[in-house]
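Listed in Swiss-Prot:
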BINDING   G12, T13, S14, L15, D16, G17, V18, D19  ATP binding site
Amino acid sequence: MKSGRFIGVMSGTSLDGVDVVLATIDEHRVAQLASLSWPIPVSLKQAVLDICQGQQLTLSQFGQLDTQLGQLFADAVNALLKEQNLQARDIVAIGCHGQTVWHEPTGVAPHTLQIGDNNQIVARTGITVVGDFRRRDIALGGQGAPLVPAFHHALLAHPTERRMVLNIGGIANLSLLIPGQPVGGYDTGPGNMLMDAWIWRQAGKPYDKDAEWARAGKVILPLLQNMLSDPYFSQPAPKSTGREYFNYGWLERHLRHFPGVDPRDVQATLAELTAVTISEQVLLSGGCERLMVCGGGSRNPLLMARLAALLPGTEVTTTDAVGISGDDMEALAFAWLAWRTLAGLPGNLPSVTGASQETVLGAIFPANP
């Protein structure tokens, strides 16, 4: 069974940077050693945002974007290796999620698309890459997401305490770790995505640092109720979503009914939308004793305060409290999934994704010997 140092690479729907994590992984433990966040150039970020919202690209433009993202991921890995004084031979493999540009797990021909050419990563780092983690699950009738609950269960499940792990990235997803029950998990809806999109358009900022804008505004209750009526929120699990659904166009359609509103009030309303949709799903799933939060949203003081207020019987903490950086959780999960793939072990949970069976995930792009 392959064990040793692995690197996880994650570029999420928030597009707030490329997260790269170095960890030692074997069948008994996952030990994080180092991490870094690598910036995404503004032009590349905008190109990804455009394609996620349905803007047409030529095949040439699409191919260029795929290559450029692969090169960006490789640069991020090489920066971490240099920082840690490591060589390619010191790493077993890289687990790279890729950049999701479209996720449509239902319909006539279910599919999901992550780009960032893994061949570029192998060529530029000299390290074997495991990528394309989601499509095997979809081929077996699953949603292809979320995949991280399997990792949450392996690291954070407790024999007697009802726990849930909440990842607030661009999309928020919940892992249900309830003793005596199959692991559950699904996307609750927008996490940081709409908040980030709004402040990017209104103030040119990548995100609302310390929720300054949101805390300066007031929740617009009619707008909140209008958004909460979206059918996704009442759809039963398994379910998953992404930027192709909850995007700036979605927000604009709701704002048409509310002309002239204060931008800070919209920011406050979007924060409340995220908090309310998450807390409702926690309660609908039977509640928990401890909610452990990770992802960029775990650094949002308003979101954390609202979750604690909406879930008075639950201890709301970050995963940092149990020794796992909330900023690095997803990248660490894909390093672990790469280890599972190389070990020939399944990486999905049918109870979470709805797939017909457990399966080994991903495609392996081997480095030259």
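Placed from the backbone N, Cα and C atoms, the Cβ positions cover glycine too.
Quick caveat, the model's predicted, so the values are computed rather than measured.
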Same chain, 6+ residues apart, C-beta under 8 Å of the C-beta of G17 (ATP binding site), given in sequence order: S11, S37, W38, P39, I40
Number of other Cβ atoms within 10 Å of the Cβ of D19 (ATP binding site) across all protein chains: 26
Where D16 (ATP binding site) falls in three-state DSSP terms: coil
For V18 (ATP binding site), the number of other Cβ atoms found within 10 Å of its own Cβ: 25
Those binding-site residues listed as T13, S14, and which of them has the most Cβ atoms within 10 Å of its own Cβ: T13
